[in-house]
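Have a look at the structure below, then the notes.
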């Protein structure tokens, strides 16, 4: 009404008095004698204004309103009820709405096209319950067989898709149905005894299905139908076990050589796959591989691309050694039906099936736990434990082929876990295109921090790195600004206290996007790691690189969630959610019906914080060393309860922290890291995370940086099935860390990773055509561009079923590029131990304005290194700091302060804090 009112102010005299309904009706009915269609004008309703008057065809003139008052651009029609029909062609048609005068209306429509139509019914501008309605229109008169129903157009994997076949007046003839698609689909029919047949089929994997309906050996009208099946709500778990053939290498190979050697085997048909080098039980070095065909095979073993002595050599594979899925025997009722919250067991016998890997995946309403036990007689006992009832799909493969009967459809009954699910969907428009010389912006939300601890760098496609500016837009919302000098993919690294924030490093394309899709969406933030019941928990989603599409956010757990979404209009958004009950939740993020990397996220929601918010962290170190104890302090500030601490390493291992009461409300928490990389320390009070938890600490001097790792090579482009391909992962100047490469696709791949001069070479052989997604992580963080989308074409050499996962993990060594080695003077290699440095003096405890505040540092027993001293206060660094070497690594330091407040005194021996640093000093 507000819009219409604004349009008519000039007509009623141009004053600020708003027009009412009577003014408008008088103008039209009395002044211009035109007709309006107004529903239930005698009832008090809020009129809704609709534009596009050319679609109004139900007024008395048959042409809508032909007069445009005061030269307005659009003619407006006012109605509180609206109905539209969307035809198969996409055009919109208008049905006739008849008021039955009994609180109901009738909608009549004379269709002009055949196919699936959608009926939109709105009241006061809002869809009524169930709208839009779908209905099928046939052009065939009575006496012919027709089919209609939602199962002919769409469905959800693991849930029955239903449609109806009408045979009224069709006479005698055989009726047959078939469903073809990514998975086997069981079909059931029920005769309704009224000339119709109810049909249901169960798709077990997402994708396009062709539904064929024949009558008298001929396709009915519209057959075959195309049904698009999504995987919404499905959970999958998988394991891989099995046996490989092993052959001893000719000649002598040392253990030290294995790291730099790679081996491959070529079958008689020409199929070449990587194989693995290992120490055999006999003590010799050998290769391990899965034979796929009988005959003479050629094994090549190379070091830095050159054959070693005696390579290549031939081996012969016997017929009985080739893995044959048809000879695998499976038994047990658990492949037909199962129970929730209990172990459902079946057995798999591969003793007479040759060598081959056994892979098992279970997909259904819940992620079922899988256990595998190998009995002494060589028969595997496999059990699964689902938590929700419904249909589950069990894919069982041996040597990359389905065993007989696979995939199995299992009906699981029993009580569910009463998990609640909430979902929202939002359309994401493409982000504005950026060009060279323009201001580029990347935003993220991180509440509870200060911008002083944030730093950002941008690396151009040419490898030039520059610092970027970080601005605080509003409280907790930050933006990174930079001006690019070249087109292409840039790497934006954002760090908080020298550690990458969740989602960093980011890919930022200047110029047109080179790719799009769910694999380029990133998500990160505290709300994807932990949360608190009863309050909103937040995280970021970056869709800029993925292009336009629909973002779906789902949350499943013990209670229903309230989900909020804020679009920042720059290719990023802020998502917050609130749940009432603590427990384990799963957050699913999909873009255009596909999960984004690492989705679904498992999040533990703790109870309301309570007294945990009173706790403070003191003297938390910037970094730590492997196998050396490190500690920090917790102040309870009057809170009553129990304190607990656990440290989680980059590899996922957990260890308890040692907690000791120091004085009253103050406790020390001591831990000893066992590996390099970023560790998380979970500190809980009465079972609830304290506000700063999990605390993140960098262990080791040469921390691995995923932003410095790059991948290139033919293995990242278009590849062929059955052909070995490779790529190089350049880890120069990225430090030492854990390199993990995972490949998801329509088949498992044989994959290995060997050391080369600039990093590591990954080789793999795809067996089935389709899209593969390769994730490359360095110390737990995706490198830029990961996951990479790879398309394989060629013949199908393995049976396609559920998605298969292959992975390889390598603990890397530090690499330095030749170019970097030539640049600038190199620092000497120091041998020192900062823990043996001592310091004393009043200047480390209390300071006075405008006076020399002194302390001494004694490093005589700590080896050789450089002493760094810094003093920082409320307004920045202090005015004067002086350091004097007194001999034998003993130092005297004094400083002058001009402003009151709390200051931090930092003392480092090389890169490491000395014991007690940083010191807190009151002035």
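Even glycines carry a Cβ here, placed using N, Cα and C.
Automatic, uncurated: that is what TrEMBL annotation is.
Pulled from TrEMBL:
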REPEAT    82-137  repeat 'Filamin'
REPEAT    137-229  repeat 'Filamin'
REPEAT    227-317  repeat 'Filamin'
REPEAT    320-412  repeat 'Filamin'
REPEAT    410-510  repeat 'Filamin'
REPEAT    513-605  repeat 'Filamin'
REPEAT    622-699  repeat 'Filamin'
REPEAT    701-792  repeat 'Filamin'
REPEAT    829-923  repeat 'Filamin'
With DSSP helix as H/G/I and strand as E/B, how many residues of the repeat 'Filamin' (410-510) fall in helix, strand and coil? 3 helix, 57 strand, 41 coil
Of the listed stretches (320-412, 513-605, 829-923), which one yields the highest count of Cβ-Cβ distances below 8 Å with the repeat 'Filamin' (701-792)? 513-605
Taking helix as H, G and I and strand as E and B in DSSP, count the residues of the repeat 'Filamin' (137-229) in helix, strand and coil. 3 helix, 48 strand, 42 coil
What counts of helix, strand and coil residues does DSSP assign across the repeat 'Filamin' (829-923)? 6 helix, 52 strand, 37 coil
Mean per-residue pLDDT in the repeat 'Filamin' (829-923) works out to 87
